[in-house]
Structures are given as structure tokens and as C-alpha cells.
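**Student:** Pulled these from TrEMBL:
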- B:5-366: domain 'Aminotransferase class V' (DOMAIN)
- B:G71, B:S72, B:N151, B:Q179, B:S199, B:S200, B:H201, B:T237: pyridoxal 5'-phosphate binding site (BINDING)
- B:K202: N6-(pyridoxal phosphate)lysine (MOD_RES)
- B:C325: [2Fe-2S] cluster binding site (BINDING)
- B:C325: active site, cysteine persulfide intermediate (ACT_SITE)
Amino acid sequence: MERRYFDYAATTPVDPGVLEEMLPYFKDSFGNPSSIYSYGREAKKAVEEARSKIANLIGADSKEIFFTAGGSEADNWAIKGIAMKLKDKGNHIITSKIEHHAVLHVCQYLEKHGFEVTYLPVDENGFINLKDLKNSITNKTILISIMFANNEIGTIQPVKEIGEIAKEHNIYFHTDAVQALGNTKINVNDMNIDLMSMSSHKIYGPKGVGALYIKKGVKIDPFIHGGAQERRKRAGTENVPGIVGFGKAAEIASNSLEEHIKRTVKLRDKLITGILENIDYVRLNGDPIKRLPGNVNVSIEFVEGEALLLNLDMIGVSASSGSACTSGSLDPSHVLLAIGLPHEIAHGSLRLTIGRYTKEKDIDYVIEELPKIVDKLRAMSPLYEKVKGGDK
Amino acid sequence: MERRYFDYAATTPVDPGVLEEMLPYFKDSFGNPSSIYSYGREAKKAVEEARSKIANLIGADSKEIFFTAGGSEADNWAIKGIAMKLKDKGNHIITSKIEHHAVLHVCQYLEKHGFEVTYLPVDENGFINLKDLKNSITNKTILISIMFANNEIGTIQPVKEIGEIAKEHNIYFHTDAVQALGNTKINVNDMNIDLMSMSSHKIYGPKGVGALYIKKGVKIDPFIHGGAQERRKRAGTENVPGIVGFGKAAEIASNSLEEHIKRTVKLRDKLITGILENIDYVRLNGDPIKRLPGNVNVSIEFVEGEALLLNLDMIGVSASSGSACTSGSLDPSHVLLAIGLPHEIAHGSLRLTIGRYTKEKDIDYVIEELPKIVDKLRAMSPLYEKVKGGDK
Amino acid sequence: MYSDKVMDHFANPRNVGEIPDANGVAQVGNAKCGDIMKMYLKVEDNIIKDIKFKTFGCAGAISTSSIATEMIKGKTLEEAEKLTNKAVIEALDGLPDEKIHCSVLAEQAIKAAIDDYRKKNNQ
Ligand SMILES: Cc1ncc(COP(=O)(O)O)c(C=O)c1O
Ligand SMILES: Cc1ncc(COP(=O)(O)O)c(C=O)c1O
Ligand code: FES
Ligand code: FES
């Protein structure tokens, strides 16, 4: 069975060019970059080249890039690192209700330890309200952490405007750009971003590596203490092959950004239109325009997400859902609830995310097959009966 | 020029068998293990197999192994995670003066945040004193963190006895086993270990992955908050290829442990003898018997470590030193000072660590060449003049 | 994560549908939690002659409904009432821990449908 991957937002395959660049650093140039002998110097050089490629993708200086083990560590570091550093200045953090758990759970943890957190609501398309943001700032506010683009519904926030507000009030602005990186133009300086989380495996680089952008001058505690790596800010022997791979992935992303966006948006819009036209009782979640190029998120009424996913998997299509049943928790996705979906509709959500290797025929295939699966599941849904009977 | 690697304690090359097992997980089985479709299930299975191989190497249950990004993260997690969890019970931590910076700097950080830390001294061979340990326990003590084996001088602590003391007093015992893993027999149950840090790149696995053993029932806060990975204890998309590689490396280590120790000890002792016999004014650091199989650490008087290293590098030999000049800090290695070496002698320290790919002829080569380098450096040392002149 | 048996019942659920002249009907669960199960029984001479279900829920919920209907079809009401979610899980060769709650629904739905039959027949 041919496999059709529609979960690029969860993770991406490593680009062949990326893997090729990584390979020498496993066995041949395996030295520890902190060493002074030649083995180590080679590794060090490779790490620094990767750093400048990532800096280049986001308009930063190399010295502002600090490697981590992924997006989650970057989020944890940014928020806990600022919180611990500035706790004598203030204990208030502003974030949104639709952040990734790597931000939300950190904030909840800090709440247990004396911090206060404002979770800004979002409108039905997933945008925070800039007036809300301004109104929630107090003289205790030390950090604003608002994600660049949402991983579930794809909505892209007005980052530049948020950055301006933060700057006016002299508050640090962190943004989780794990989904945005490589999918939309980012310039940390133009956008007044002080800290930004990135993850390699979302941009065709290897898993287990990411980075935190820390603007020059920003005061932050280290998160992983120990050796003097990463200019004494992040300890641990550098994951050289991983970093090299992330660097190469960033380089490819820089070189093909516009083309990638154009191509992906076209496929995405075809998929959205195809689904909306061929299935009844379905709605698109997230903003139709200001959304990630590869994100399609729909709620299909009267069916449950996990059942949808498994049926798709049986025909080779990998997708994702915000249903509670797929998460092992009792509640469906906090993001779908935050944009106002009732629980039962959130359960029927389906996320199809596309990327570099998605072909037009894959899109056609889903447009053709999804309605059949929905029909089959609705035929056994006690909720659908009523609609058919006209007494909804 | 042939390269001769004598820095296995810093990092090891990836075993070819390890790399081979990793490769499919970059491009083909690249799925996110948290997903429910087949791509994800394959990845999940691979992660669980790796987990049980690591458990097997240390006599633990799979469910007690939690993957991290390396040894430093494991150390940070163990200590901060216990400290935060138990801070209402007590604020006292006991560790030693010769811990890795990933333990020491965490302890120093906690001291700034209301914790009290006892740094146990060590004797001239690098052992802590068990009576000191007992005497330093108070009713506020929540954690004992003593490394299994030291990365610089190779001394292996009486871990089982430390574990017994901790158990008697109902205090958690964490050990940094980054250097010990794969180099000495470890059984976490027999040794009463509650938490243990491990790192893949020290046992011929890839960089950027490690693990924390957490005994069933031990109460600890997560360190990286976010997604539900690692049974809700460590967030972040799993580094699947890295984890698979670490698992394979652990399997190889399990299967060849005794043979590896025997072979390495023989080479090590030949090297030690060769150096002590062929160079004057040199001493072995660390215990001659209870030391890591691959560790040789000597202090060569009247020469400076960085100069030694660079001269060795010129003839293809990669080594390491505790000299201040190699670390970029003003003081020489805290470990060498803790075993009582005067500064000037610590500066002349040389660590040669050997491992799986070290050949006997490499040992012979160093025994032959090192004295020449030492002679050359001593010839230009103002300190050596006096000795030669007999007025020392 | 699911056993082959679960996947079989999920992909080809047995006894899906409605019974127009059912004499015992019940619906349990609620859409808010993501699972609803509706059972239709046709009881004759104290025996479950026919049974059909409809389920809104995950593969765990669908497969437990399916196998539970198979397990009690042709049984007396007393026998059917004894069906436990444990027996259902065993018959499916196990369910993931986080899906155990779905199997409870099948047990509840059957009991509720039998109750409905008894009420209607003044038993
Ligand atoms: C004893 C010890 N602990 C911790 C570490 C840190 O491990 P990693 O480099 O994997 O973070 C090392 C090695 O650098 C070590 O030798
Ligand atoms: C928006 C967002 N933030 C953070 C993360 C976490 O990144 P990682 O899995 O690399 O830790 C993800 C992806 O899982 C994400 O989509
Ligand atoms: S119906 Fe939601 S977990 Fe089974
Ligand atoms: S002599 Fe130059 S750093 Fe020590």
C-alpha cells in the first residue's frame, strides 16, 4: 500500500541532503567540539557553520542562536529562564490559551511556584486581541509568550504588533516559532522578538535538536547547567550531527522559502475546497488566510476523530486529530475549545498537514476517499440518525 | 597522518552497528511515536525496544528509563526535579567536590535559590569518606548525589555502600554514571540507586541522547514540561534515531562488558606502566585499582597541559588535560585540586582515555613519543632548570 | 496499540444498524466526552433474538460494541446481563489502558437496553 503522509506538523522526514551532511559526524569527525585537538576543531567548525545558517533563516546574528534538544526544551528554557532571572522584578507572565503544551504546562508549573499567568483568550479564528494584551500588562509583567503560528489550526498571530507592544512596555517577548519556522518569513529584528523557539524535525532536519534565539542583551538563566558549551548558556556535549543536520535544513528552507510557500498554499487550498465541497456538516478551523501554508484543520460532525484517523491509516493516509480519544485525556484539544467549538464537534476534528513531499495526486486521493470514510462512520453514528431524520 | 584517539572519556565514535540501526529512522520510519497511525507505531516500537536494552544493561525495568538529551540534562533533571519536588520536606543536598560540572553547577544554582549543599571532600585517590557522608546527613537532607566514576581521574566510588547509607536514612540517592556505564557492572537494585544519569555518546552511541533511571516510586518533578511523552515525565518529540542508536549501543555494551573490561584494563595498565617508567617527575592520579578501565591520568611536572596536548595533536594523538589553559578558566581542574594537587602540578596533567578501537600499537606509540614531547617542553621550562641543576 | 481483534471489529463491525421493531432500546454516554452508544434489542421468549448498535466513538468504543453484541446474541436476558467489560476486553485480546473506559460503555448500554425491555413489558 502506498503511504501518504499528511502529518507534517507532527514531524517531517529528514531531507536526503540533510542526512548526507550529518553522516560524517557520527563516525569520522566524531570529536567533541570542546576539545582543542583537530578532531574537536572540525566538529566545532561544523557547529558554528550550522549556527550561522539558522541565524540567517531568521535574520539574527550567529551569537544569538543557542542549540537545544528541541522545541520543548527551547520553550521551557525561555520561560523558566526568564522567570527565574527576573523573579525579583516581577512575577507576571502573559500567554495565550492556545499555546503548545510546552508553553502552557510550563506556565502552569510556574503558577504553583509563585508566578501569576494571564492566559489570553482567542477569537473564533484563533487570534489574540491586541487590546486584551495591552490591558493585561501590569507593572509585574516580565514576559509575554505568544506563539508565532498554531500547530493545530495554523493561525498566524500578528507577531510584529505583539513585539511592538512588548517593546513599548519594556517587557521581553518570547514566541514559539516551532511551526512557523521555514513556513513563513521571519525576521526577529523587524518583529521585535527577544526569544524564539525552534525545532529541527519540523523543517526536514533530524529529531532531538532545536534552538532558542536569544536577542543580544536579554538576561536569562541557563536551563541546563554544567559545562561551558553554548557560551556557558546551555551545557551538554553538543549533538554535532544533529546540529549539522538542523543547519542544513535551515539552509534549504532559506533558499526555497517563497517557492515552498507558494506550492504548499496551492495544494492546501485545493484540499480545503475539496473537503468543504464534498462533505456535509463540516467546518474549517483557523483563519482561512492568515494560516500556515501546509495546515488544513476541519471539524466533521457526528464522527469521532480517532475512528477517522484509523480508517485513514488503513488506506495509507497518516493524519492527526484533536479528539480526546487520541490524546488519552478526557478533554478534546484545548485549542479547539478555545476557538469556541463545542466538545462534540471538537471530537470530530481532523488535521491534515502537507509539506515538501506531498504530491497533487495525494491531495486528490484524500478528496476522493475521505467522504467515503465519513459516510461509513456516520452510518454507524447514533448522532447522525437524527440529522438524517430531519429532527436536528 | 594516522590519527590516534585517546579521548574516549570526552566522547566516542558511533559504532558502525549502531549507525546502521539508526539510519532507517531518519527518512523511512520517521513517524512521530505519539501518533496512532502505522508510521508512528513503528517508531514507538523502536523506542520501546531501545528502552528495554538500556534497562537490561543496568538491571532496571523498562518503565524506569526516561530518555533525555544527554548526561547533563539527566543530571539537571535528577537534582532540580528532586529539589523542587521535595523542597517542603527539606532543602539540604549532599554531593562531592569532584562531581562533573553538570552536577556542581546545578547545586551552586540551587544554593542561590534557598538550598544548602554539602560538598564532601575526597582523599588523595579521589574517594569520598563514608563517615563524612553519614555525618553530613541532617533531617533536612533530601538528596545524596555522588558520581559513580570520575571523568577525569577515573576513580570508582563505593556506590553500593553509599546507596545503603542513603536507604537507611530514607534519602534519595542519585549517581552520575555517565562514565561508568558500559565500563563497569551496574545493577541499580543491588546498589540501592534511586536515580542514575547516563549518556549515549560515551558508549559508542550518538551524541544528543541520554537517559535518567528513576526507580519506581521515586517522586520527582518533570524538568522539561509539555507533551505527554516519556509517560508525562519528559516532554518533546522523541529523538527516535538517537534513542534507537543509544539502545543498540547499550545492547553491544551488555554483550561484551566483561571482555571489554579485560581488554581495556590490560591496555590501560600497559600505558600507565610505560609512562611511569619512561618519564621522570610524573605521578598517576586516581586510584590504581578502583579506576575506570580506560582511564589514564598523570601529572607531568614542569610542563603545561595545553602545550602537551597540542604537541600530541601534531603527531595525531588526541588527549585531554585538566590544565586551566585548556578550559578557558583561571583555575585548573577542580578534581585535581580536590585530590590535593598543587596548582602547578595540576596544570601539567594529561588524561589519556582508551576504548573499543584503541590498538596495542597506539599504546606503544604514545609510550614512545610522549617522553620526547615532555623532554622538548621541559627543555624550555624555567621550572625544570632548577631540578636539573639539583637545587629543587 | 490495538490488538488485531480490535482492529478487525473496528474495520468490520458486526451488528451495526437499527432494529425498526426493537422492544428494548437504550443510549448511554454523552457526546461531550466523545462517546455515545445506542443499543437495539429484539427479545423473544426471554432470548435476545437480534441486536444492533450504533456508536460514536473511538476504535475501542466501536470494537467493544461490536464484540459485545456478538457475545450476547442468542443468549437469555439473565446471561446477557452478566456480561462484564472485563469479559469484553478479554474477548478482544486486550485494550490499551486509556481505552478501558470505552469498554464500560458496552456493558452499560446492554444493561440499559434490557432494563428498557423489562420496563416496557412490566417485568
Ligand atoms: C561524569 C559526567 N557527567 C556528565 C557528563 C555530561 O554528559 P553530556 O555531555 O552527555 O551532557 C559527562 C560528559 O561530558 C561526564 O563525564
Ligand atoms: C508549536 C509547537 N511548539 C513546541 C513543539 C515541541 O517541539 P519538540 O517536539 O521539538 O520538542 C511543537 C511540536 O511538537 C509545536 O508544534
Ligand atoms: S470513545 Fe473516546 S476514548 Fe474511546
Ligand atoms: S598559559 Fe595561557 S592560558 Fe594558561
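Positions of Cβ are set from backbone N, Cα and C atoms, glycine also.
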**Student:** If I take the alpha carbons of B:S200 (pyridoxal 5'-phosphate binding site) and B:C325 ([2Fe-2S] cluster binding site), what is the distance between them in whole Å?
**Tutor:** 28
**Student:** For B:C325 ([2Fe-2S] cluster binding site) and B:N151 (pyridoxal 5'-phosphate binding site), what Cα-Cα distance in Å is obtained after rounding to a whole number?
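**Tutor:** Between the alpha carbons of B:C325 ([2Fe-2S] cluster binding site) and B:N151 (pyridoxal 5'-phosphate binding site) there are 18 Å.
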**Student:** Among the binding-site residues listed here, B:S199, B:S200, whose Cβ has the fewest other Cβ atoms inside 10 Å?
**Tutor:** B:S199
**Student:** What does DSSP assign the residue listed as 'N6-(pyridoxal phosphate)lysine', in three states?
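**Tutor:** Going by the DSSP assignment, the residue listed as 'N6-(pyridoxal phosphate)lysine' falls within a helical segment, counted as helix.
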**Student:** DSSP on B:G71 (pyridoxal 5'-phosphate binding site), three-state: which is it?
**Tutor:** helix
**Student:** Could you tally the C-beta atoms, other than its own, that fall within 10 angstroms of the C-beta of B:T237 (pyridoxal 5'-phosphate binding site)?
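**Tutor:** Around B:T237 (pyridoxal 5'-phosphate binding site), other Cβ atoms within 10 Å: 26.
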**Student:** Mean pLDDT over the domain 'Aminotransferase class V' (B:5-366): what is the value?
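**Tutor:** Value for the domain 'Aminotransferase class V' (B:5-366), mean pLDDT as a whole number: 96.
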**Student:** I'd like to know which of the binding-site residues listed (B:Q179, B:S200, B:T237, B:C325) lie near ligand 4, counting only a CB under 6 Å away.
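**Tutor:** From B:Q179, B:S200, B:T237, B:C325, counting a Cβ under 6 Å from ligand 4 as near, the near ones are B:C325.
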**Student:** Whole-number answer please: how many Å between the C-alpha atoms of B:G71 (pyridoxal 5'-phosphate binding site) and B:K202 (N6-(pyridoxal phosphate)lysine)?
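**Tutor:** Spelling it out, the Cα of B:G71 (pyridoxal 5'-phosphate binding site) and the Cα of B:K202 (N6-(pyridoxal phosphate)lysine) are 9 Å apart.
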**Student:** I'd like to know which recorded positions lie near chain C: of B:G71, B:N151, B:H201, B:K202, B:T237, B:C325, which have a CB under 8 A from one of its CB atoms?
**Tutor:** none
**Student:** Sub-8 Å Cβ contact with chain A: please pick out which of the binding-site residues B:G71, B:N151, B:Q179, B:S200, B:C325 have it.
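**Tutor:** Out of B:G71, B:N151, B:Q179, B:S200, B:C325, B:G71 lie under 8 Å of chain A.
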**Student:** Got a sec? Which of B:G71, B:N151, B:Q179, B:K202, B:T237, the recorded positions, have CB under 6 Å of any ligand 2 atom?
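**Tutor:** B:T237, by Cβ distance under 6 Å.
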